[in-house]
Amino acid sequence: MSMILSASVVRVRDGLPLSASTDYEQSTGMQECRKYFKMLSKKLSQLPDRCTLKTGQYNINFISSLGVSYMMLCTENYPSVLAFCFLDELQKEFITTYNMMKTNTAIRPYCFIEFDNFIQRTKQRYNNTRSLSTKMNLADMQTEIKLRPPYQISVSELGSANGFSHVSVGEYKGTGKISAAPHQRLEPVTLPGIVSFVLSLLCGALNLIRGFHAIESLLQNEGEDFSYVIAFFLGTVACLYQCYLFVYYTGWRNAKSFLTFGLICLCNMYLYELRNLWQLFFHVTVGAFSTLQIRLRQPQGKSPDYNV
């Protein structure tokens, strides 16, 4: 018998489960699939926005959008078009019910467990295909799947030592470059992110102004140290580069943010004689806060464009 067995909603950034159905059976095969669910959850940010994993008697399908992934487990003979229509319906309801701010700032697992009620109702409808009221969308989804079929993940890939790292730089049929592409979109901006961006600009402007003052002082007094000018301008460049890293996705983004923060610390250490402790604390704290926000704002999955 073909049917949907379970479903869950997971945050792409760190694999945090936000909600899940709770009535799946406890057979050996199902327990094995739960392990695959957890393994996939940790790799979502490196995978295409639509994937299928075939595990013998069961299939795991998922779609990702706006930093959230919607995953489902079904029997191997359950129609693919119905599976992705089901996931699309979960996605639309979740986006309508919860704003992205709450999703991005969630800390504890299953903090949206009440969404399970909608998962259960929708699962019952899709397990009784005769009563489905979404038949008008099936043709659109069928066309979408033909034009851009889901990426097929193999169990051997899932268990490999290198995980899915090769997928993130490969070709995904119908979509071209994925996840690691330079034009990869980032998750929506949060209020702390906006604050960190503004403060980084402020620190960059303060460093720039002090740099010009240092040049003026250098021209008036030949004994002044030119290295202070360099330190101020390097601090400006570091602050502006943090703003760039926050707004745009680049390769080795997290490593670059930590190196930039290290440069900010070094510049402020060198400028110790020209700044008081509060000024030093402000610049270093803003640098650390911006680095954290860069780390938290991860790439998002490509937003599905079907049924629009």
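The backbone N, Cα and C atoms fix where each Cβ goes, glycine too.
Any TrEMBL annotation is an automated prediction that lacks curation.
Look at TrEMBL and you will find 8-119 tagged as domain 'Longin'. According to TrEMBL, the feature transmembrane segment maps to 189-209, 229-248, 255-272.
Looking at the domain 'Longin' (8-119) alone, the prediction's average pLDDT is 86. A Cβ distance under 8 Å defines the sequence-distant neighbours of the transmembrane segment (229-248), meaning residues of its chain 6+ beyond its ends; these are 186, 193, 196-197, 200-201, 203-205, 207-208, 210-211, 214-215, 218, 256-257, 260-261, 263-264, 267-268, 270-271, 283, 286-287, 290-291, 293-294, 297.
Residue counts for the domain 'Longin' (8-119) by DSSP state, with H, G and I taken as helix and E and B as strand, are 48 helix, 30 strand, 34 coil.
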